[in-house]
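*Asks:* Before anything else, here's the structure in question.
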Amino acid sequence: MRLQGGKNGIRGNWLPCFLRNLAAARFFLVESEVIMVSDSCKKRFGKIMLEQMELLEQVEIAPNIFSMILKGQMVAQMQAGQFLHIRVPDDSKLLRRPISIAEIDRDNLTCRIIYRIEGGGTAIFSQLPAGSYLDVMGPQGNGFDLTPVRSGDQVLIIGGGIGVPPLLEVAKELHAKGAQVTAVLGFADKAAVILESEMKKYSEVIVTTDNGSYGRKGYVSAVVDKLPQDYAAVYSCGAPAMLQYVDRKFQDHPHAYLSMESRMACGMGACYACVVHVAGQDESVNKRVCEDGPVFETGTIIV
């Protein structure tokens, strides 16, 4: 999922739909913590928590790209590929910002998120010091399905830009299963390269840059087209053009997955502000990135 909190523009006129559908969400208290659950969320993974998570550390890892370490009870429920919906600590910012989970440490109840400054909300995040508390809903969405992969399997990861962070936890968990992981990561230029050293702990990494300032020159597609095609599974996240390529190339693969980007309003599936159309159906048939996604199988949606 390549989600960033940007400016206030939301696809379509989401507010009337949000208000009509908000009744589908239930709000109640469980063990002194506020829990927010939509009916379909409850069927899928139980509950979405609302928690004050402590910011343990924040560093700028590339120009305008920041890494946060957060601590909280919801970490125990997190899965690779899910995201957090974070309130901006500024009353003028109405909407939460959806940010992908990059790493999960269940033993210490900490997680890592990585985001890029896209507007006023994420700029405020970047100024928060360690010791701050963030109002967080999560973990949200369907994560990557890692169950098809077995020890010794060859697995391909394809990431682009700020879409690379959610793939780090994927690589880590696949490596722990004994899989042989190849990660092809594309960036605009050398300054934008992130997480290369971390990904190398778990995979063979090939980096491309658009201008050739680092790694191989060109797009990830030029590298992937020359790789063997007998991978047990394919996991991807990045810009729409990159995901369109992955979707075309691996649309018939039984275990190929895309993590989608979308702006969001409620983040619980009630408002339908983040829909994508289902492949082979008319435009009235859609899925919600926040709840049905952000991860989808290739060939199932219009990227």
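Backbone N, Cα and C define each Cβ position, glycine as well.
Here's the feature list from TrEMBL:
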{"type": "DOMAIN", "residues": "48-146", "note": "domain 'FAD-binding FR-type'"}
{"type": "BINDING", "residues": "ARG97, PRO98, ILE99, SER100, ILE114, TYR115, ARG116, GLY121, THR122", "note": "FAD binding site"}
{"type": "BINDING", "residues": "CYS266, CYS271, CYS274, CYS290", "note": "[2Fe-2S] cluster binding site"}
*Asks:* In the structure shown, which of the binding-site residues ILE99, ILE114, CYS266, CYS271, CYS290 has the fewest other Cβ atoms within 10 Å?
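*Replies:* Among the binding-site residues ILE99, ILE114, CYS266, CYS271, CYS290, the sparsest Cβ neighbourhood within 10 Å belongs to ILE114.
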*Asks:* Between the binding-site residues CYS266, CYS271, CYS274, CYS290, which lies closest to ILE114 (FAD binding site), Cα to Cα?
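*Replies:* In terms of Cα distance, ILE114 (FAD binding site) lies closest to CYS290.
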*Asks:* Identify which of the binding-site residues ARG97, ARG116 has its Cβ surrounded by the largest number of other Cβ atoms within 10 Å, counting every protein chain shown.
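*Replies:* Neighbour-count leader: ARG97.
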*Asks:* Any idea what the Cα distance is from CYS290 ([2Fe-2S] cluster binding site) over to ILE99 (FAD binding site), rounded to a whole Å?
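*Replies:* So the Cα of ILE99 (FAD binding site) lies 11 Å away from that of CYS290 ([2Fe-2S] cluster binding site).
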*Asks:* Out of the binding-site residues ARG97, ILE99, ARG116, THR122, give me the one sitting nearest to CYS266 ([2Fe-2S] cluster binding site) by CA distance.
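*Replies:* Considering only the listed binding-site residues, the nearest one is ARG97.
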*Asks:* Between the binding-site residues ARG97, ILE99, ARG116, THR122, which lies closest to CYS271 ([2Fe-2S] cluster binding site), Cα to Cα?
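*Replies:* So, of the listed binding-site residues, the one sitting closest to CYS271 ([2Fe-2S] cluster binding site) is ARG97.
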*Asks:* The domain 'FAD-binding FR-type' (48-146): mean pLDDT?
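*Replies:* It averages 96.
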*Asks:* Within 10 Å of the Cβ of THR122 (FAD binding site), how many other Cβ atoms can you find? Include all protein chains, please.
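*Replies:* For THR122 (FAD binding site), the count of other Cβ atoms within 10 Å is 20.
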